[in-house]
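One structure below.
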Amino acid sequence: MINVVIVALIAFVLERKGIVKINFVWIMVALALIFLYGVALFNGGKWIPLNDYFTDLQWNWGGKIAAILLWVLALFALCLSQKQFKIAEAGFTFKQHHGAMIPSLVVIMFFIVLQLLLSYTLGNGPDYDAEELWYQATMPGLDEEPMFRGVLLYIVSLAIVSSRINLLGAQINVAGLLLVLLFGLIHGLMYNAGEFHFSLMSMSLTGFYGLILLWLRERTGSLVFPILAHNLVNFAGQFV
């Protein structure tokens, strides 16, 4: 939760400087959803014990499926509580913004090449099996994108209200950038066995990847390309 505290403190500093306006009701909703996401991800294997039935499984399928069910429930709750809410506002649409297709495909190709180069430079060579390939080709995008670039982005944008800047054709707000920071911190700052562990490389890299995925989401107005990009990048990185 230290990751969330850091991002929340930055948000309050920005409010004091007049850069954003904070809606505390939506802040509490966002914090609750982030907390539940962590619970689902790390405890989902107990609730959906696929490893008990498929003993060869090594990856967190149960946790990811629980996290997917959480964003489905959160989206359903938004539909029930907000009469004017349309799921397309949170990116749940196949419709793409006009003129977004070609630049988005170019960015995805760049994204994949970047991942291949980094995996080749920093990795220890190919090390995968069929389960890992299936997992990386499906779970990361279906879990993290609808949550971070979908439901959470919509809620945090209501909680932390700001103007938007045009970043290469994508309209980016402060809420989106703070979620990028949170995305990086989740991967780079961890608490385990009574100690904090921080990796600047992991935080910077996943934060930059999060920015690319945010750009795809805002440029297209849809989660289709972020989901595809996330899964393709993770999948391709296993081969080098």
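Backbone N, Cα and C atoms are what each Cβ position is placed from, and that goes for glycine too.
According to TrEMBL, the protein carries these features:
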DOMAIN    135-235  domain 'CAAX prenyl protease 2/Lysostaphin resistance protein A-like'
TRANSMEM  24-42  transmembrane segment
TRANSMEM  62-80  transmembrane segment
TRANSMEM  100-118  transmembrane segment
TRANSMEM  147-165  transmembrane segment
TRANSMEM  172-190  transmembrane segment
TRANSMEM  196-216  transmembrane segment
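Residues 168-169, 205, 209, 212, 215-216, 219-221, 225, 228-229, 232-234, 236-237, 239-240 of the same chain lie 6 or more positions beyond the ends of the transmembrane segment (100-118) yet place their CB under 8 Å from a CB of it. Only pairs six or more apart in sequence are counted, and the transmembrane segment (196-216) with the transmembrane segment (147-165) gives three or more Cβ pairs under 8 Å, enough to call it a contact. Across all of the domain 'CAAX prenyl protease 2/Lysostaphin resistance protein A-like' (135-235), the predicted model scores a mean pLDDT of 92.
Counting same-chain residues at least six beyond the ends of the transmembrane segment (24-42), those with a Cβ under 8 angstroms from any Cβ of the stretch are 1, 4, 8, 60, 63-64, 66-67, 69-70, 74, 143, 147, 151-152, 155-156, 158-160, 182.
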